[in-house]
Amino acid sequence: MSSSPLRLALALMCLVSAVGVISCGRPHVVLNSALEEARNVPFGEEVPERLTLPELQWMLSNNELTPVQVEEAPRSRLELVRRDNTVTSKPLNCMNYFWKSRTAC
C-alpha cells in the first residue's frame, strides 16, 4: 500500500516540474538570439522578409507567369528501341518448357 502514495507524489513532482519549465521558459528575445547564433547569422543583420500566405497568393495572382519550356532530353541517354516481336514459325508439336528456359521439339 505504500507504493501508491509514492507514485502519487512522484507524479505530482513531475507535473510541477513540467509546469515550471513551461512557465519559466526563456524570453523570446533570448531564444531568437540563440537561434541566430546557431545559424551563424550575426546579431542585428537583417533576415530576409517573410511573407504570409495571403501576401504570397496576391503576389502570384498579380504576376504573369512565363510558360516553362521543356528542354530536350540529353543525347547521352540511350534511346529505347522496341524489339521486333513478330511471331516466328515453329515446327508443329513443339513444346515450350518455360520453367526450363528451353523448347523441346
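Even glycines carry a Cβ here, placed using N, Cα and C.
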Consult Swiss-Prot and report the residue, out of Thr52, Thr88, annotated as O-linked glycosylation site.
Thr88
Would you mind checking how many other C-beta atoms are within 10 angstroms of the C-beta on Cys94 (disulfide bond)?
9
